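Participant: Structure provided below as structure tokens; questions to follow.
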Amino acid sequence: MAFRKSNVYLSLVNSYTIDSPQPSSINYWWKMGSLLGLCLVIQIVTGIFMAMHYSSNIELAFSSVEHIMRDVHSGYILRYLHANGASFFFMVMFMHMAKGLYYGSYRSPRVTLWNVGVIIFILTIATAFLGYCCVYGQMSHWGATVITNLFSAIPFVGNDIVSWLWGGFSVSNPTIQRFFALHYLVPFIIAAMVIMHLMALHIHGSSNPLGITGNLDRIPMHSYFIFKDLVTVFLFMLILALFVFYSPNTLGHPDNYIPGNPLVTPASIVPEWYLLPFYAILRSIPDKLLGVITMFAAILVLLVLPFTDRSVVRGNTFKVLSKFFFFIFVFNFVLLGQIGACHVEVPYVLMGQIATFIYFAYFLIIVPVISTIENVLFYIGRVNK
């Protein structure tokens, strides 16, 4: 028996990355998982090195970031790689989730796999917000103020929760210090959840574009899919390097190069681009409490998909109606992101409300109705044949 199979530790690596049987029909959309793993490693490694030079004291936070940029050897690469790496992390994560929605990766028997993935998504959003506040630029300060103030919408205990989060009566030194501590901790929790994600994946194996069982036609991951992964890894690193070295601030906000000032409010308070769709959903509801509930529901609604999709066929590969409405959903999500970056004024308020309705309607109305209609059409086609 090969040593990689007989050794207790290497046998785990072997079963997950070398001899793991994969459906032969999977395409490049199944490469997003390896890219997300690469992104997580990049974020953790660059974050650890930046933490060696960062000071979480509110008086020194902004200056320490500039110290990393100006005085630390190759510090600007660390900072830009970490900042742009976060954006690319979310780009790939959105594509990974879109693949799951399109190909029905949330369907039984992979419900646990999907649920763990949603938890990872929530933790990643929290980590990104905490890290954005640590810079303590102008947008960081006011972003922290606005987002933490959302908890004040909770009846009776809301204001107490906000004061507890701040560690005082406003965003101050305890706030930044505890945000940095959590920002350092949560990525390791994400790494643990990723291991759970892989364990859940390993139980039933990967799905495939055809939506049928792949047990009849599987090939080992190495060397076929390992080298296929390397193609996307090299392409990803090339595109990331172009942003890091030639356009490092394109995905950021210029106001964050101004030190945080609680006495001056920015003209427009917006989060990073990857949180804009959920920010637009928050702003589309006039009532504060309902807006907060709707924003969190926009993420948690992903958990209901395994129960609302009643189709007898997994995935949208052979379903014309589902394909059409899926791409409507994608366009609507991009539109929400664009609306989130705009001021709260006519016509963006109404557009945001319509887009929010379409977003929730896709999960709660369109998917169950269309899947039922397609089931009837499949049945009629089978009988007539």
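Each position is counted from 1, following the chain as shown.
Note: Cβ is positioned from N, Cα and C throughout, glycine not excepted.
Checked Swiss-Prot, it gives:
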TRANSMEM  32-52  transmembrane segment
TRANSMEM  76-98  transmembrane segment
BINDING   His82, His183  heme b b562 binding site
BINDING   His96, His197  heme b b566 binding site
TRANSMEM  113-133  transmembrane segment
TRANSMEM  179-199  transmembrane segment
BINDING   His202  ubiquinone binding site
TRANSMEM  225-245  transmembrane segment
TRANSMEM  289-309  transmembrane segment
TRANSMEM  321-341  transmembrane segment
TRANSMEM  348-368  transmembrane segment
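Help me picture where these features are in the structure shown.
Facilitator: Within its own chain, the transmembrane segment (32-52) is flanked in space by residues 68, 75, 78-79, 81-82, 85-86, 88-89, 92-93, 95-96, 99, 131, 183-184, 187-188, 190-191, 194, 229, 232-233, 236, which lie at least six positions past its ends and keep a Cβ under 8 Å from the stretch.
Distant neighbours of the transmembrane segment (76-98): 29, 32-33, 35-36, 39-40, 42-43, 46-47, 49-50, 65, 68-70, 117, 121, 124, 128, 131, 236, 239-240, 243-244, 248, 251-252, 272-274, 302, 330; these residues of the same chain sit at least 6 beyond its ends, with a Cβ under 8 Å from one of its Cβ atoms.
Around His82 (heme b b562 binding site), the same-chain residues six or more apart in sequence whose CB sits under 8 Å from its CB are Ile42, Gln43, Thr46, Gly47, Met50, listed in sequence order.
With a 10 A radius on its CB, His197 (heme b b566 binding site) counts 21 other CB atoms from all the protein chains. According to DSSP, His197 (heme b b566 binding site) sits within a helical segment.
Proximity of distant same-chain residues to the transmembrane segment (113-133), defined by a Cβ-Cβ separation under 8 Å and at least 6 residues beyond the stretch ends, is recorded for 47, 86, 89-90, 93, 96-97, 100, 105-106, 139-141, 143-144, 147, 175-176, 179-180, 182-183, 186-187, 189-190, 193-194, 196-197, 200-201, 204, 271-272, 274-275, 278, 299-300, 302-303, 305-306.
When Cβ atoms from all protein chains are considered, those within 10 Å of His202 (ubiquinone binding site) total 14, not counting its own.
Only residues 6 or more beyond the boundaries of the transmembrane segment (289-309), in the same chain, are considered here, and those with a CB under 8 A from a CB of the stretch are 97, 101, 104, 106-108, 111, 114-115, 118, 121-122, 125, 150-151, 153-155, 277-279, 281-283, 356, 359-360, 363-364, 367-368, 371.
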Participant: If H, G and I count as helix, E and B as strand, and all else as coil, what does DSSP give for His96 (heme b b566 binding site)?
Facilitator: helix
Participant: Quick check for the class: what is the C-alpha distance, in angstrom and rounded, between His96 (heme b b566 binding site) and His183 (heme b b562 binding site)?
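Facilitator: Computed Cα spacing between His96 (heme b b566 binding site) and His183 (heme b b562 binding site) is 23 Å.
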Participant: Within the same chain, where does the transmembrane segment (179-199) have neighbours whose Cβ lies under 8 angstroms from its own Cβ atoms, ignoring anything closer than 6 residues to its ends? I mean 6 or more beyond.
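Facilitator: For the transmembrane segment (179-199), the nonlocal Cβ contacts are 16, 37, 40, 43-44, 47, 51, 54, 56, 113, 116-117, 119-120, 123-124, 126-127, 130-131, 133-134, 144.
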Participant: How many other Cβ atoms are found within 10 Å of the Cβ atom of His183 (heme b b562 binding site), counting all protein chains shown?
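Facilitator: Taking all protein chains shown, His183 (heme b b562 binding site) has 21 Cβ neighbours within 10 Å.
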Participant: Going by DSSP, is His202 (ubiquinone binding site) sitting in a helix, a strand, or coil?
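Facilitator: Helix, per DSSP.
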